[in-house]
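Here's the structure we're looking at; comments come further down.
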Amino acid sequence: MRLQDIDVTGFETLLLDRDGVVNRLRPDDYVKKWEEFEFLPGVLEILKAWNTHFKYIFIVTNQRGVGKEIMSEEDLKHIHERMISEVKNYGGRIDRIYYCTALTDSDINRKPGIGMFLQILRDYPDIDKAKCLMIGDSDSDIKFAKNCGIVGIKVI
């Protein structure tokens, strides 16, 4: 399914994976700096359209490149600041980005672990889990949604 084809009716909170959903994947590599970041076609348009639909829009992303010291956390924060700015300039929004830099899959914060979702619920206690939608491009993203007890949709 393509991002543009998803029916978001009835959902108030959107969780998006970053790499492969918002931006182009770098095969066997990481997006280490802004110059390597490339929005996928149609993403800016759909985020603009969804701006008024969703109460909250979050990014939840595993960023193992920081844990591997291929890039710094400051590099990651700079990429995210620029991404949020570009989305905002286009008329969309991202309310907050949650990321995990852990190397081990056993870390609760690393998807499919539920740590990032638990943090979202702590930070935004008015969120209704029944009205949350997770969109990702990997089996791990969909397993994350299932583990959180929310709807997950896989895009290709």
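Counting starts with 1 at the first residue shown.
Using the three backbone atoms N, Cα and C, a Cβ is placed for every residue, glycine included.
Quick look at what Swiss-Prot lists:
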- Asp17: active site, nucleophile (ACT_SITE)
- Asp19: active site, proton donor (ACT_SITE)
- Asp17, Asp19, Asp137: Mg(2+) binding site (BINDING)
- Asp17, Arg18, Asp19, Thr61, Asn62, Gln63, Arg64, Arg110, Lys111: substrate binding site (BINDING)
- Thr61: site 'Stabilizes the phosphoryl group' (SITE)
- Arg110: site 'Contributes to substrate recognition' (SITE)
- Lys111: site 'Stabilizes the phosphoryl group' (SITE)
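Structure with Swiss-Prot features highlighted.
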| residue | record | Cβ contacts under 8 Å, 6 or more apart |
| --- | --- | --- |
| Asp17 | active site, nucleophile | Ile59, Val60, Thr61, Lys111, Met134, Ile135, Gly136, Asp137, Ser138, Asp141 |
| Asp19 | active site, proton donor | Leu25, Arg26, Val31, Thr61, Asp137 |
| Asn62 | substrate binding site | Tyr99, Cys100, Ala102, Arg110, Lys111, Ser140 |
| Arg64 | substrate binding site | Tyr30, Thr101, Ala102, Leu103 |
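Shown in sequence order, Val60, Tyr99, Cys100 are the same-chain residues outside Asp17, Arg18, Asp19, Thr61, Asn62, Gln63, Arg64, Arg110, Lys111 whose Cβ sits within 8 Å of the Cβ centre of the substrate site.
Around Thr61 (site 'Stabilizes the phosphoryl group'), a 10 Å sphere centred on its CB holds 25 further CB atoms from the protein chains shown.
Thr61 (site 'Stabilizes the phosphoryl group') falls within a strand segment according to DSSP. Other Cβ atoms within 10 Å of the Cβ of Asp137 (Mg(2+) binding site) number 20 in total over all chains. Around the Cβ of Arg110 (site 'Contributes to substrate recognition'), a 10 Å sphere holds 22 further Cβ atoms from the protein chains shown. All chains included, 27 other C-beta atoms sit within 10 angstroms of the C-beta of Lys111 (substrate binding site). In this structure, Lys111 (substrate binding site) belongs to neither helix nor strand by DSSP; it is coil.
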